[in-house]
Amino acid sequence: MDEVPLMSPASAGNGDCEGFEVEDADVLLPRQWGHEATTSDKLHYYLCTFWANIFCRCCDWISRSCRRNKEYRSRMLHIGEAPSGKFPSNVIRNQKYNILTFIPLVLFEQFKFFLNLYFLIVAISQFIPDVRIGYLYTYWGPLGFVLAVTMIREALDDFRRYRRDKEANSQLYSKLTHAGIQRVPSSAIRVGDLVFVEKNQRVPADLVLLRTTERSGSCFVRTDQLDGETDWKLRIAVSCTQLLGGDADLFNMNASVYAEKPQKDIHSFIGTVRRTDDEGLGCEAPLNIENAVWASTVVASGTALGMVVYTGSETRSVMNTSQPRSKVGQLDLEINTLTKVLFVSVIIVSLFMISIKGFTGPWYRYLARFILLFSYIIPLSLRVNLDMGKATYSWMIQRDKELPGAVVRSTTIPEELGRIVYLLSDKTGTLTQNEMVFKRVHLGTVSFGADTMDEVLTHVRSVYMPAASGSSSSTPTRATVMAMPRVRRTVVTRVHEAVKAIALCHNVTPVFEADNVEHSDTEADQQIGATCTYQASSPDEVALVAWTESVGLALVKRDLTTMTLRTPMGTNLVYTILEIFPFTSESKRMGIILKEHGTGEITFYLKGADVVMATIVQYNDWLDEECGNMAREGLRTLVVAKKVLTEDQYEDFAARYHHAKVSVVNRAGHVQAVLEGLERDMELLCVTGVEDKLQTDVRPTLELLRNAGIKVWMLTGDKMETATCIAKSSRLVSRSQTVHTLAPVATRTDAHLQLNTFRRRSDSALVITGESLEVCLKYYEHEFMELVCQCPAVVCCRCSPTQKADIVRLLKTHTGKRTCAIGDGGNDVSMIQAAHAGIGIVGKEGKQASLAADFSIIQFSHIAKLLLVHGRNSYKRSASLSQFVMHRGLIISAMQVIFCSVFYFVSIQMFPSFLMVGFSTLYTMFPVFSLVLDSDVSSEVALTYPELYKELTKGRSLSFKTFFIWVLISIYQGGIIMYGAFLLFDAEFIHVVAITFTALILTELLMVALTIRRWHWTMAVGELLSLAIYLLSLVILNDYFDASFISTWDFIWKVTSITLVSCLPLYILKYLRKRFSPPSYQKLT
């Protein structure tokens, strides 16, 4: 018990602080004035601190007043009448700026970074004549260019948002009024309006569905833009309004709709409709999610007429729209740190220069001029080059033919893909295909698998065989079946009951692709000539219904009130749907009450997860064992049960259930209490097993990632057995690794014991449930995270979306390593947005994860090239590019320091301003930026040897060590160029500008060539183009260069000698390192 240290709350707060002293500077709260306070202290407080506090409090009050939280309220709306309250307008606005805020907000976003703020201060200082160095355009030109590019980009993006908003707000809809139908734009729709929505038309606001063109009052909607699910959802019109003779009759009825206050939850809605006229006096009906159609969804069938209940900012879609946090890559943070180091260096060098010069006269003016002279040590072009490089990397990812469908939605963090240590993956739809195949059904005494499904078909046929011999009953064997004692029921009977239950207990609707096929009484006959597909919110249900069709019982028709099955003999079984209880993540089950037309028998069918069904069904000794066996095979299990109800039992239940549904307060609790009274002592029929196929190339991809040093964690909401099986079959857990399953824990003592047991097996893969994880984190967060981070793989099952995001945040906090999350469903969005890099897969659950992610791919196997090739290249290229751009500023600053020192510490500029601007743009821009095309190994080698990726996680490509190496190189080359000019051009030192600048340009071009690891033709073009531009400048710019002087052979060979001395030693060192201590990538090539 002592292996894991326990923290006692008492010891943390007992005030035992011996050995610790508190300094005055460490006190966070201001002390009260004591006798030791002097008069000057008090005066300083009242003149500075006091008024500063008053100003901050005033700003705080103004900010709180402007951002006062809006209070939402419920509403009572009368159909056909304008509401009395004030509600937000139905205007869509996704713009970030307006005319007044555009410039201030863009400038704020730019100057909150240290680099840009520093150059702004430097540029402003040039308006002071005493510290001005050169021309204003040399400072304001580059800064203005950066700001102009940013503003143009932001303006174009915002203009595109404006056009999209205007298009959406201008879309015309038909509005039903007392004067007839009027066409109004979406922005003119108000709460209480009656609005028509045509097929394939976007829903403009949140509506309560009153009427549809279907006789039953049903319609389908597509919600993929709201919740990411691609399956159609069934919506039902209010019964009392659907039964009216026409749309105009809505104005003649006296009815009101109560709607709850606006909520974020898109899966629930509480309301009531009450009719108080003569025809429906006192009639009150509940409204739920099936009667509501949210904004941003699309009507998929027919025409719907709805009453607007929420508009604008109160709609579900807008309330669930949040600006994702802006992600900043670790490389940007490291560069920002190096920038601060360079700034401190400028201050130190300037103070050193002024201390030697002497603090006499206006020394502070000289100090300011020195700081401005050496400001080139922090290059403004660094940010421009990096941003352009990120855009290039993103373009390369999207153009990669081996990554079809890849989309980069966040162009600011491609380098993060090159430093991932933890990959957190969803299971269903990510590692698996989310393509369900029915594999097994177990009836307690007999089990049928893929190779024995023909026996099931034979059994089902034998049940309905008498129906083909002329009997009028649809189920002629029912009397025999019911008369048979339950304990002696035959296998045929068990199979028939199980198949029928699976064919009836679902929310699947058959949809016919032929346009001329409609849902009518002859639809079952029309199916023969039309292609039928199934629509459902879960692929599991589609797989189950498709299986029942293959064994003889086919679903051929379904509407709001009836369901029709076709038997193997071609006859139809018609059932009346009395009640439906949809599946929810809380209940983990769905049920349906049906009444058969032929016999009038009322049956309650229920299916759900084994953990909840085990307490609902009658006692048995095989359910837990068989569910575990199927789960170990990697199958998703469902337990199916039934209960036969009498007329009196159903009438009593229906009355209590209706009363619970119309309650406004705690409706869910009342409904659940009524259902629990029905879900008792149910007959267990069968357990089904459905397989979710693995994605293509999942096993080799996970093997590559593991060899690359990336630890993969699987976070899933599925049961422990299934998750463990998928982890083994996908090779997430290799064959040589052992698996440690953490036993369920509920108390602190349990967690302590389990962690001590796990500590001795920390080299095993860990499997843990969400509940146990929560308990361990509650009491032993640090100890637990320390242990699990040592595991080669972790499987967290029964995880909620919130827990997935919390795990990502814990990894980020406790390890400081780069994390990547990948998923395909709406429940993975929070995890994806919490990770340093989020990857979404376009899957069968929709595009919600893809749209919310930083990167989007179409299958899991593509992540290997995304990380090991593009991520690796992006990081190494940006590291080289940033260090070379800093070297470009360091070398010219080193030359400026030497120049000032030689000329008695005079604070004048060495090169003219025009040449300073040209040095970082025309003369060196092309070859330096061509480094974004550099690579050390080919993509084939990077995928063949994933171990190369491990080196990047240590951050050695850009570190203080590499930074100071480049500092020493810059000082060496700057010194060689300056002192070489003094030595070789002693008599012609008046041409020092031409001498040193030419040597500087040649040195930079040679250094780019030295840095390149694999040449690309554009790199050679960039080098030659820059050299040609500079040579042309020597001829044209007569004000800066003396053509007669630079054309002499003496000038040429001496400049060449200086350049060779500055670069040749570095080439020799590179050769020696490659020969005796080559990097790992060179060993492979």
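Glycine too: its Cβ is placed from the backbone N, Cα and C atoms.
Positions annotated as domain 'P-type ATPase N-terminal' by TrEMBL: 84-140. If you average pLDDT over the domain 'P-type ATPase N-terminal' (84-140) in this model, you get 82.
Here TrEMBL flags 179-316 as domain 'P-type ATPase A'. Residue counts for the domain 'P-type ATPase A' (179-316) under DSSP, split into helix (H, G, I), strand (E, B) and coil, are 23 helix, 54 strand, 61 coil.
Look at TrEMBL and you will find 851-1078 tagged as domain 'P-type ATPase C-terminal'.
Residues annotated as transmembrane segment in TrEMBL: 99-124 (among others). Beyond the transmembrane segment (99-124), the same-chain residues lying 6 or more positions past its ends with a Cβ under 8 Å from any Cβ of the stretch are 136, 139-140, 142-143, 146-147, 150-151, 154-155, 158, 336, 339-340, 343, 372, 375, 378, 380, 382-383.
Positions annotated as transmembrane segment by TrEMBL: 136-156 (among others). Residues 96-97, 102-103, 106-107, 110, 116, 119-120, 122-123, 126-127, 380-381, 383-384, 913-914, 916-917, 920 of the same chain lie 6 or more positions beyond the ends of the transmembrane segment (136-156) yet place their CB under 8 Å from a CB of it.
Sequence-distant contacts of the transmembrane segment (341-360), counting only residues of its own chain at least 6 positions beyond either end whose CB sits under 8 Å from a CB of the stretch, comprise 114, 118, 366-367, 370-371, 374-375, 377-378, 886, 889-890, 893, 897, 900-901, 905, 963. According to TrEMBL, the transmembrane segment annotation covers 341-360 (among others).
Taken from TrEMBL, the feature transmembrane segment applies to 366-386 (among others).
The annotation transmembrane segment is assigned in TrEMBL to 885-907 (among others). For the transmembrane segment (885-907), the residues of the chain that approach it from at least six positions outside its boundaries are 133, 338, 342, 346, 349, 353-354, 356-357, 366, 369-370, 373-374, 376-379, 381-382, 385, 916, 919-920, 924, 928, 963, 966-967, 969-971, 973-975, 977-979, 982, 996, 1000, 1003-1004, 1007, judged by C-beta separation under 8 angstroms.
Annotated transmembrane segment per TrEMBL: 913-933 (among others), in sequence order. Tertiary neighbourhood of the transmembrane segment (913-933): same-chain residues 134-135, 137-138, 141-142, 376, 379-381, 385, 388-389, 392-393, 877-878, 880-881, 884-885, 888-889, 892, 993, 997, 1000-1001, 1004-1005, 1008, 1011-1012, 1016, 1018-1019, 1021-1023, 1025-1026, 1029-1030, 1033, 1037, 1040, selected by CB-CB distance under 8 Å and a gap of 6+ residues from either end.
Among the features that TrEMBL reports, transmembrane segment is placed at 963-983 (among others). With a threshold of 8 Å between CB atoms, the same-chain residues lying at least 6 positions outside the transmembrane segment (963-983) that come near it are 338, 341, 883-884, 886-887, 890-895, 897-899, 902, 989, 992, 995-996, 999-1000, 1003, 1007, 1057-1058, 1061-1063, 1066.
Positions annotated as transmembrane segment by TrEMBL: 989-1010 (among others). Tertiary neighbourhood of the transmembrane segment (989-1010): same-chain residues 884, 887-888, 891-892, 895, 910-912, 915, 919, 923-924, 927-928, 930-931, 973, 977-978, 980-982, 1019, 1023, 1026-1027, 1030, 1034, 1040-1042, 1045-1046, 1051, 1054-1056, 1058-1059, 1062-1063, 1066-1067, 1070, selected by CB-CB distance under 8 Å and a gap of 6+ residues from either end.
Taken from TrEMBL, the feature transmembrane segment applies to 1017-1036 (among others). When Cβ-Cβ distances below 8 Å are used as the criterion, the transmembrane segment (1017-1036) is approached by residues 918, 922-927, 929-930, 933-934, 994, 998, 1001, 1005, 1008-1009, 1043, 1046 of the same chain, each at least six residues removed from its ends.
The transmembrane segment annotation in TrEMBL covers 1051-1069 (among others). Outside the transmembrane segment (1051-1069) by six or more residues, the chain places 969, 972-973, 976-977, 980-981, 984-985, 991, 994-995, 998-999, 1002-1003, 1006-1007, 1010, 1045 with a CB less than 8 A from a CB of the stretch.
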*Tally of residues which DSSP labels helix, strand or coil - the domain 'P-type ATPase N-terminal' (84-140)*: 29 helix, 0 strand, 28 coil
